[in-house]
Amino acid sequence: METVATVRRWMAGLLAVAYLTDIAVLGSLWGGAALLVPLPMVATVFLALRRPVLGGLACAGAVLAMSVVLRERDPYSFFGVQSLLSLSATEALAGMMVIAIVIWRTPRGVAAAATLGLLASAVCAVLIRRPYWHYTDLDLASVGAVLAVGAGVALRLGGGDSPMRTFLRGQWPLALALTLALLVDSSATLDIDRLGPYAAFPLLAAVATAVCAVLGPRDALHWTINAAVIVAVSGVGIAVLAYLLDHPMSGLRPPAAIVAAQMALVAYVVRYCDRQKATSAVVALVGADALATIALAAATRDRPDTEFFLVAAFLLLLSVATGQYFGSRDRARNQSIRVAVSGAQQAERMALARELHDVVAHHVTGIVVQAQAAQLVADPAKTAQALAKIERSGTEALAAMRMLVGSMRGTQAGEAGAADAATADLAADLRAVAAGFPGPEVHMELSLPDTLPPEAGRTVLRIVQESLTNVSKHAQDASRVSVTVEPADGELRVRVSDDATTARVRPAGGSGGYGLVGMRERVELLGGAFAAGPGETAGWTVDARFPLRKDGS
């Protein structure tokens with residue numbers, strides 16, 4: 001609701017500025033009657049903030065109805081103002097705002113349909129008011145449409161951190177470049193003065209191809225094939241339209257946005273797909289381009305020269321080389337990560353092995369002492385008690401050794417700092433760690449079992465230490481850290497969370513390099529589960545759980 005209120009205030013201010021501009025341009029010259037024209041459109045903006053779909057329909061209806069009235073009443077004599085033959089500044093701005101609101105506050109399908117409808121109504125309104133087409137109309141309409149759609153997408157992505165929103169925010173450089181290419185197409189690449197309203201068809205194809213390029217990294221093969229279909233269908237469709245309307249469409253050249261989008265898609269598919277799939281996708285895209293080129297050559301009655309094909313081949317090779325370069329970098333980086341993670345896991349296993357060695361040595365020493373004492377005791381009852389202790393110590397030693405053997409059977413590897421040795425009092429150790437933490441306040445809730453295996457105690461201490469270290473490194477604006485250790489459903493659960501408000505991507509490495517990898521490895525060796533990621537509302541949460549033994553320890 002706070003975002004809506006802020007947007008409402010900004011829109012009201014911008015509409016006021018636009019209306020004052022219309023007063024200066026229209027009202028001072030031709031009277032106040034002309035200033036009534038934009039008011040219905042202004043009303044639809046505030047209606048759209050409450051009811052987006054209804055506001056969009058009202059906006060389309062208002063601009064079309066006012067256009068018909070102006071056309072029927074002859075605006076030259078009705079208002080004496082030629083500017084009303086096109087859209088006023090307030091009407092244009094209000095229409096852009098309604099498009100942005102619809103994209104922002106409606107489901108994707110509804111937003112797409114409503115946006116196309118609003119853009120179509122704007123074009124129809126200009127055609128109704130001005131029976132002849134002028135290239136500046138389409139230039140301004142293209143710029144306004146791009147700005148409106150961009151604002152709507154920005155508002156839609158502004159809240160939350162879903163994977164798609166995070167992905168699209170990372171694609172802004174490509175989106176900006178393609179937007180600039182679309183603006184170049186609308187003003188320079190396409191001869192709009194000669195093509196007239198038919199220039200809208202290649203522009204729509206360029207927009208669709210640009211969308212495929214922006215989404216390319218999510219599924220390079222899928223979006224490259226989609227772009228190939230769009231190019232082929234649009235090329236053939238424009239050629240058929242030119243034939244049916246007997247319009248040569250001379251001056252039609254490949255839009256710069258389509259060229260740039262295809263270069264990005266070729267680079268993506270070469271980078272992210274295996275060689276066979278990448279080759280198939282590139283061949284499909286080149287085939288679609290060839291089909292569209294042949295169709296458009298027939299429509300424009302112009303044959304591409306040799307230079308055109310040389311430039312196309314050069315751009316294709318450049319895109320493939322770019323994809324291969326980044327693909328090789330990805331493979332090298334992934335190999336480095338695998339080696340580092342493998343080393344981290346191996347280091348964690350060795351650290352755990354050393355700890356288990358101490359545990360086993362302790363148990364074996366106890367067994368030897370108890371066996372020696374049993375030989376000197378004549379009381380059968382005390383002998384039986386000593387044998388029971390020997391049995392329990394032997395069982396614990398065997399369990400620790402099995403865990404050690406299991407830890408040596410892993411397949412992945414990194415680097416991790418060894419956990420500080422825990423004392424017999426885990427609660428005291430945890431409070432000491434919290435007391436020595438230089439960051440925000442640490443609030444602890446401890447509910448520890450009466451007895452806890454040494455390896456489990458060391459793991460709990462390691463998780464808390466590493467988590468607090470990560471908080472101090474990556475959550476500088478956190479004001480509170482919560483640490484909870486409690487048994488739940490036969491498991492011991494450790495949860496560390498902070499309330500940082502700034503969204504930061506925390507690396508796998510902790511204080512020792514790959515701290516999260518080491519924590520996960522340690523917990524999984526105990527038969528548990530480990531998770532780390534953004535909290536439900538804010539901050540970062542580390543959640544680990546591993547089973548307690550049947551005797552409650």
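Backbone N, Cα and C atoms are what each Cβ position is placed from, and that goes for glycine too.
Annotation comment: TrEMBL describes 12-33 (among others) as transmembrane segment.
Look at TrEMBL and you will find 53-71 (among others) tagged as transmembrane segment.
Summarising the annotation, TrEMBL assigns transmembrane segment to 83-104 (among others).
Per TrEMBL, transmembrane segment is recorded for 110-128 (among others).
Feature annotation from TrEMBL assigns transmembrane segment to 140-158 (among others).
Per TrEMBL, the feature transmembrane segment maps to 195-217 (among others).
Taken from TrEMBL, the feature transmembrane segment applies to 223-244 (among others).
Among the features that TrEMBL reports, transmembrane segment is placed at 256-272 (among others). For the transmembrane segment (256-272), the residues of the chain that approach it from at least six positions outside its boundaries are 174, 177-178, 181-182, 184-185, 189, 202, 205-207, 209-210, 212-213, 216-217, 220-221, 223-224, 227, 231, 278, 281-282, 285, 289, 315-316, 318-320, 322-324, 326-327, 330, judged by C-beta separation under 8 angstroms.
What TrEMBL lists as transmembrane segment is 278-299 (among others). Beyond its flanks by at least six residues, the transmembrane segment (278-299) meets 220-221, 224-225, 227-229, 231-232, 234-236, 238-239, 242-243, 248-249, 252, 254, 262, 265-266, 269-270, 312, 316, 320, 323 of its own chain at Cβ-Cβ distances under 8 Å.
Nonlocal intrachain contacts for the transmembrane segment (308-327), taken as residues 6+ away from its ends with a CB within less than 8 angstroms of a stretch CB, comprise 259, 262-264, 266-272, 278, 282, 286, 289. Annotated transmembrane segment per TrEMBL: 308-327 (among others), in sequence order.
Among the features that TrEMBL reports, domain 'Histidine kinase/HSP90-like ATPase' is placed at 460-549. Here the domain 'Histidine kinase/HSP90-like ATPase' (460-549) has a mean pLDDT of 79 out of 100.
Cβ atoms under 8 Å from those of the transmembrane segment (223-244) belong to residues 198, 201-202, 204-205, 208-209, 212-213, 215-216, 252, 258, 261-262, 265-266, 268-269, 281-282, 284-285, 287-289, 291-293, 295-296, 298-300 of the same chain, restricted to positions at least 6 beyond its ends. Panel annotation: around the transmembrane segment (53-71), residues 37, 40-41, 43-47, 78-79, 84-85, 87, 91, 94-95, 98-99, 101-102, 106, 110, 114, 117-118, 121-122, 124-126, 128-129 of the same chain, lying at least six beyond its termini, place a Cβ under 8 Å from a Cβ of the stretch. Residue counts for the domain 'Histidine kinase/HSP90-like ATPase' (460-549) by DSSP state, with H, G and I taken as helix and E and B as strand, are 26 helix, 31 strand, 33 coil.
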